[in-house]
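Structure first, then comments.
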Amino acid sequence: MKNIVILGATGSIGQSTLSVIEHNPDQYQVFALVGGKNVELMATQCSQFKPKFAALVDEKAAKLLAEQLKALNLTTQVLTGEQAICELAAHPDANIVMAAIVGAAGLLPTLAAVKAGKQILLANKESLVTCGQIFIDEARKSGATLLPVDSEHNAIFQSLPLVAQQKIGFCPLAELGVSRIILTGSGGPFREKSLAEFDSITPEQAIAHPNWSMGKKISVDSATMMNKGLEYIEARWLFNASVEEMEIIIHPQSIIHSMVRYIDGSVIAQMGNPDMRTPIAHTMAYPNRIPSGVMPLDFGKLTELTFIEPDFKRYPNLKLAIEASAEGQYATTALNAANEIAVDAFLNRQIRFTEIERINSTVVENIAPLRVNDVADVLHIDQLAREIAKQAMLNV
């Protein structure tokens, strides 16, 4: 029986993780659940899975949760605050940590798990986007196992040789005969929408992804293809890939989740129905396999698999992310922070859909090149970028 800590338990990935655990109750014990401020859902999860600890970032929400759990006669200990969450991520009794807190908020708890040498199921892409080298170095030092949960990175991981899987962050792709890593993306809900209509896109339209069930922020990122841009940055860190070793292709059906091209002409792809429980189950059981609850792919019902080159006029955020990756860690950190501010503003109807890219671009253009040596540097750049983004919003 393995103890699992779920950072971001009330989010989409967290709920999918609990679903996988339901299918494998004899193998996994929920040790701790961590959320933001969703008291009702956290109380329901605690009632069902009975973790030893539960933590909410919001202090008032944590107090309400403690009252509800006491009324339910549950012995789960309720904690709050960043320090407590970091301690849960690094707890000696935890075997596996699902790192699924969205955004920069997940950075420090995930890093705490890395430093503690845990098996980390990495769903928080911002950890590598903002702290790539720091995370890879710390994982190598502590012996932590980094297993990518994002469907694309998980697909690449599965398509690479075993020796590459065992050297996440420093695998020599060329020596292993790998010529290209191919990231696939659906193109989001506006793949065929007229560019003239982009100014009038609403939050409701942007979060209605055609293939995947995701949270609001990541759904908007998928619509702008910033999500694919962040995945591009993350893939470069995870697989030690140069710009020349990366490729992006739009695949509307989301059946092939990504591919690896080899120098002998082979292309190995990982396929499956678009359901996050598949990569979650893979990382939970690695190197073994467990049931995920996902319906098997029915090839008899597949009518077509199509591929399209990305159009940077339609997806300027994707181009921006690729360029930031070439600039370095300061630029990707700034871009990530700007995008969090811009997407939140769009969801709250403060800016138009097209202004997300304008704000992101303004921040990247105005942030000074700064050296990133540690997490303090990252947090400094993150804060600077957020301030520039908020100022830029006043001018849109």
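Just so you know, glycine gets a Cβ as well, placed from its N, Cα and C.
From a predicted model like this one, the values you see are computed outputs, not experimental measurements.
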Identity of the NADPH-site residue among G188, G215, G229, G265 (reference: T10, G11, S12, I13, G36, K37, N38, N124, E126, source: Swiss-Prot): G215
Among S179, S186, S266, which residue shares the 1-deoxy-D-xylulose 5-phosphate site with K125, S151, E152, H209, S222, N227, K228, E231 according to Swiss-Prot? S186
Taking every pair from K125, S151, E152, S186, H209, S222, N227, K228, E231, which the record gives as binding 1-deoxy-D-xylulose 5-phosphate, the longest CA to CA distance in angstrom is 19
NADPH binding residues T10, G11, S12, I13, G36, K37, N38, N124, E126, G215: largest Cα-Cα distance, in Å and rounded to whole number: 22
Find, for the listed binding-site residues K125, H209, the residue with the lowest Cβ contact count at a 10 Å cut-off, counting only other Cβ atoms. H209
Rounded inter-Cα distance in Å - E152 (1-deoxy-D-xylulose 5-phosphate binding site), S12 (NADPH binding site): 17
Counting Cβ atoms within 10 Å of each Cβ, the densest environment among the binding-site residues S12, N38, N227 belongs to N227
May I ask which of the binding-site residues T10, G36, N38, D150 is closest to K125 (1-deoxy-D-xylulose 5-phosphate binding site) if we compare their C-alpha atoms? D150
